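A.B. asks: Could you have a look at this structure, given as structure tokens, before my questions?
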Amino acid sequence: MVILSQRALEGIKAYKYKPGGYTKLDDLHTPFWNWLTNKLPMWLAPNLITLTGLFALIIGYVVMWIYSPNYTDDAPNWVYSLGAVAVVFYTNMDCIDGKQARRTGSSSPLGQLFDHGCDAIALHLMLGMAQTSVQQPMGFISSLALTLAMLPWICSQYEEYHTGHMIYGNGYFGVLEANYILAFVFALSGIFGPSFWSRIVFSAVPLPILGTMDITARHVFVVIDIVAAVNQTYGQLFRVFSSSVDRLPKEEQGYKELGLASKIRHLMWIAILLGFGGYWTARDQSKMSNPVEARFISLAFGIIFAMVATKLIMDHMCKEPFRPTLWAFIILILSTVNVITGTVNVFLASQAAAAFCLVFYLTNITGIINDICRFLKINCLTIKPQKKTQ
């Protein structure tokens, strides 16, 4: 199944990787990453490193699902510790795949797309594990925290599309720090148990609208997430709307849709994605016929988010107009409307949505990878032997 056009393939072939911003913690890790990369066998493909890290997250995610299917059941402490190890492992694998590509001479645009595509799925996996670790049931609070955590991530792809630069962080706080904080959260649940997050930090705090309530460690975690997300997103949007098309090199523009109108239109797609997704995942878990319904809703939305984000990444690399995958939005909107109307059993509908999204996503992403591999004459998970010159 051919998915990418000839023009898109030519665009991705001309793509040049631009490293993003690094933080102090990245600099501290660099000697270790260099040492670790030099210990790897030369036959090990960079994409296989990324995929191995992602599989570690999938294992942690599935184990948490099994032991706490409704997010709030107590799981054995080792389950949360496993999640912490999985996040640290994935994060470091994600940081050495590019180094292995340069070391083996196998760098390609596919590696960048594969890396960011895995990151989009990894984001859902880590947020799902975080929700389980702090025992936050599905509802308004979890939806607000999760969608706001997704916002700066997809806005970083949006920023790169319009400015040619991805800046996730401020030199002191970036992806590495965010992932390590999540690992620390999981580790606390592993050491003290998830009840740690129910401990009262501030008693009888008067709040607007909500009235007087006790503030728990869980609430503090959510507030930190919201503040960090809003701060990061503000910087991203400021840079996008203060930049002009003239600053983007001609070879970077390609066939992209740029300019103020396109910036607003693309941002509206993101708003629709997170707005409907936020409403869908804000469904009160106490009103569900089966608590596992929350997991399927979250999984379906996570895959839809990954699909839209990956399409934005791909259109940037191919230098094509951004055309979000419409089926993803159709499922998202219909599922959200069904939550309101109850036309179809929501539990069955959420299972069907999750299954369809997963199958379509895997089929689509496999087709894209095959298109690029054929065009660039490379393999995805192995390194082709380089031809010897006479």
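A Cβ is built for glycine as well, from the same backbone N, Cα and C atoms used for every other residue.
Just so it is clear, the model here is predicted, and its values are computed rather than measured.
In case it helps, TrEMBL gives these features for our protein:
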type	residues	note
TRANSMEM	48-66	transmembrane segment
TRANSMEM	78-96	transmembrane segment
TRANSMEM	138-158	transmembrane segment
TRANSMEM	178-197	transmembrane segment
TRANSMEM	266-282	transmembrane segment
TRANSMEM	294-314	transmembrane segment
TRANSMEM	326-347	transmembrane segment
TRANSMEM	353-373	transmembrane segment
A.B. asks: Against which stretches of its own chain does the transmembrane segment (266-282) lie, if we need a Cβ under 8 Å and a gap of at least six residues from its ends?
C.D. replies: 138-140, 142-144, 146-147, 150-151, 154-155, 158, 161-162, 237, 257, 297-298, 301, 304-305, 308, 312, 322, 324, 329, 332-333, 335-336, 339
A.B. asks: Can you see whether the transmembrane segment (178-197) and the transmembrane segment (78-96) are touching - at least 3 CB pairs under 8 angstroms, only pairs 6 or more apart in sequence?
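C.D. replies: Yes, the transmembrane segment (178-197) contacts the transmembrane segment (78-96).
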A.B. asks: Taking pairs 6 or more apart in sequence, does the count of Cβ pairs under 8 Å between the transmembrane segment (353-373) and the transmembrane segment (294-314) hit 3 or more?
C.D. replies: yes
A.B. asks: Top stretch among 48-66, 294-314, 326-347 for CB pairs under 8 A with the transmembrane segment (138-158)?
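C.D. replies: It is 294-314 that shares the most Cβ pairs under 8 Å with the transmembrane segment (138-158).
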A.B. asks: Near the transmembrane segment (294-314), which same-chain residues lie under 8 Å Cβ to Cβ, leaving out any that are not at least 6 residues past its ends?
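C.D. replies: Hits for the transmembrane segment (294-314): 8, 12, 65, 69-71, 113, 116-117, 120-121, 123-125, 127-128, 131, 137-138, 146, 150, 153-154, 157-158, 160-161, 266, 269, 273, 277, 280-281, 283, 285, 288, 320, 322-325, 328-329, 331-332, 335, 347, 350-351, 353-354, 357-358, 360-361, 364-365, 368.
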